[in-house]
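Structure record follows, encoded as structure tokens.
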Amino acid sequence: MKNCGDLVDNKSAIVGGVGDMYSEDSATLDQPITPWTISVASGYSLMRDPRYNKGLAFTEKERDAHYLRGLLPPIVLSQELQEKKMMNLIRQYEVPLHRYMAMIGLQETNERLFYKLLIDNVEELLPVVYTPTVGEACQKYGSIFRHSQGLYISLKEKGKILETLKNWPERSVQVIVVTDGERILGLGDLGCQGMGIPVGKLALYTALGGVRPSLCLPITIDVGTNNEKLLNDEFYIGLRQKRATGEEYDELLQEFMYAVKQNYGEKVLIQFEDFANHNAFELLARYSSSHLVFNDDIQGTAAVVLAGLLSALRLLGGTLADHKFLFLGAGEAGTGIADLIALEISEQNGKPIEENRKNIWLVDSKGLIVSSRKESLQDFKKPWAHEHEPITGLINAVKAIKPTILIGTSGVGKQFTKEVVEDMASFNKTPLIMALSNPTSQAECTAEEAYTWSEGRAIFASGSPFDPFEYEGKTFVPGQANNAYIFPGFGLGVIMAGSIRVHNGMLLAASKALASQVTEEHYEKGMIYPPLTNIRKISANIAAKVAAKAYELGLASHLPQPEDLVESAEKCMYSPVYRSYL
């Protein structure tokens with residue numbers, strides 16, 4: 001039986017990646033392969049191809065066979081020793097951006113060593129290659145830019161986007177992460193320099209979800225920027241014009257979406273990343289019925305937060321329907337999470353989703369979202385306009401609503417003040433506080449503040465990582481509601497099944513699969529997410545549940561369904577171990 005899109009055979013796929021078209025990884029570890037590029041690679045060109053470069057790990061026989069004699073020092077170093085050396089080097093850098101640049105430099109020269117480092121040291125390196133460091137990297141992307149790692153599609157390419165896509169050297173692409181750079185993390189409009197986000201996300205698709213790097217394509221849509229600082233920066237790498245809007249923007253995006261489908265087929269997963277609210281919701285609504293699309297800010301964030309809530313019920317007691325939710329922030333993340341919570345409650349109690357929204361309240365920049373404001377609200381906020389007198393200020397909303405769960409998605413730091421947290425603790429034995437805004441500087445409060453101000457009674461989770469904190473002799477381990485828990489496994493599951501569309505049921509399946517990975521040992525430390533050290537196992541379980549739901553819903557095209565989807569997911573995962581080139 002075949003699996004992973006019928007591209008990997010069960011008998012040989014112990015280290016295969018999804019869509020292993022050259023059989024480079026579907027060979028067993030002791031089976032030599034020929035390092036193909038455009039032609040058989042030898043010597044100087046072989047060392048400079050990041051996919052096949054092994055640094056000093058080329059054996060004596062490989063050096064003879066591939067004309068490497070004299071091009072390398074005489075010593076042969078194992079991949080494990082190279083990994084140790086590289087980690088020692090990275091740890092010497094005190095500035096996070098320098099660590100980021102060292103990792104990106106490694107990715108550009110030795111792909112397998114990069115992924116080996118990231119997989120084996122995920123908790124230490126995830127904040128380096130993604131949040132929070134990637135935010136600073138995007139801000140300075142023009143200054144640190146060395147090599148292109150994806151496709152840049154600007155207004156200059158209008159009318160020839162399909163031709164531009166064909167310039168990418170890989171013909172088989174299964175995951176695209178695309179941004180237009182308008183709302184990068186909590187940092188605002190970074191224009192073309194938002195490319196750091198798709199590059200970072202796809203590195204995690206491979207390291208955490210096992211999708212082969214050759215199947216991943218980062219893309220930035222450049223329609224200009226309204227960031228005056230960047231427009232006046234001599235090192236800015238994007239179009240020097242104000243951001244295009246309206247018909248011009250819509251036409252470019254439509255051409256892009258249909259060119260992607262024409263070039264890569266029906267089953268390429270397009271992940272929208274860091275689009276501004278007014279475009280994010282519209283793009284997802286417009287293309288979800290015709291393309292395989294996923295918005296990580298709306299759907300991925302919602303799935304990971306829902307997973308945290310489901311696991312937290314073990315500590316809080318009751319069901320989701322028994323709790324009252326208050327959100328600070330009513331953008332993509334806030335409304336996306338709220339929608340998925342209401343959907344899960346409806347799955348549990350069978351009541352209409354409209355009724356289950358009544359215990360979910362949102363606060364935006366103008367105050368509590370209530371029915372008297374409905375006429376002035378954006379469409380995606382209107383379902384959350386409940387009957388209540390108008391209230392301004394978060395603390396007043398907390399006093400009036402008395403939520404059991406407080407969730408921050410505002411993108412504005414320090415909003416969960418001492419008064420807010422103390423109030424939450426005054427009417428909740430165990431308040432759940434989720435400060436989700438990224439990067440760390442934009443978090444609504446810190447772990448230390450949440451634990452201290454609640455006298456050690458709060459359950460805390462954040463978007464960016466915080467160190468464990470000791471309060472009155474007890475050590476608390478903050479949870480990180482990191483989308484990296486969800487999207488790599490979710491994407492792998494979609495690809496495994498050959499799903500033609502994303503369905504909300506697949507998001508719920510991913511959330512439940514993640515929540516099920518939290519153990520009693522984790523709960524004792526106040527954790528509502530499992531450790532990232534187990535992320536590949538977690539991703540395999542998520543992929544299996546997502547794929548199973550795709551088969552159940554009739555959306556899967558890779559038939560027949562494998563008997564053991566977890567085993568299939570594990571077999572599909574790309575391995576970064578060096579291969580023998582003899």
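Placed from the backbone N, Cα and C atoms, the Cβ positions cover glycine too.
Feature annotations, reproduced from TrEMBL:
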type	residues	note
ACT_SITE	TYR130	active site, proton donor
ACT_SITE	LYS201	active site, proton acceptor
BINDING	ARG183, ASN438, ASN482	(S)-malate binding site
BINDING	GLU273, ASP274, ASP297	divalent metal cation binding site
DOMAIN	107-288	domain 'Malic enzyme N-terminal'
DOMAIN	298-551	domain 'Malic enzyme NAD-binding'
When the Cα-Cα distance from TYR130 (active site, proton donor) is computed for each of the recorded positions ARG183, LYS201, ASP297, which gives the smallest value?
LYS201
Looking only at Cβ atoms, how many others are within 10 Å of the one on ASP274 (divalent metal cation binding site)?
25
Could you tell me the C-alpha distance between ASN438 ((S)-malate binding site) and ASP274 (divalent metal cation binding site) in angstrom, no decimals?
12
Inside 8 A of the center formed by the CB atoms of GLU273, ASP274, ASP297, which other residues of the chain have their CB, for the recorded divalent metal cation site?
THR179, ARG183, ILE184, ILE197, PHE272, PHE275, ALA280, ASN295, ASP296, GLU332
Averaging the pLDDT values of the domain 'Malic enzyme N-terminal' (107-288) gives 96
Could you tell me which of these recorded positions, ARG183, LYS201, has the fewest other Cβ atoms within 10 Å of its Cβ?
ARG183
What Cα-Cα separation, expressed in whole Å, is found between ASP297 (divalent metal cation binding site) and LYS201 (active site, proton acceptor)?
12
Taking ASN438, ASN482 as the binding-site residues to compare, which has the smallest set of other Cβ atoms within 10 Å?
ASN438
Minimal Cβ count within 10 Å, across the binding-site residues GLU273, ASP297, points to ASP297
Whole-number Å value for how far LYS201 (active site, proton acceptor) lies from ARG183 ((S)-malate binding site) (Cα to Cα):
15
Integer Å value for the Cα distance linking ASN482 ((S)-malate binding site) with the residue listed as 'active site, proton acceptor' is 12
For LYS201 (active site, proton acceptor) and GLU273 (divalent metal cation binding site), the CA-to-CA distance in whole Å is 9
Give me the count of other Cβ atoms within 10 A of the Cβ belonging to TYR130 (active site, proton donor).
25
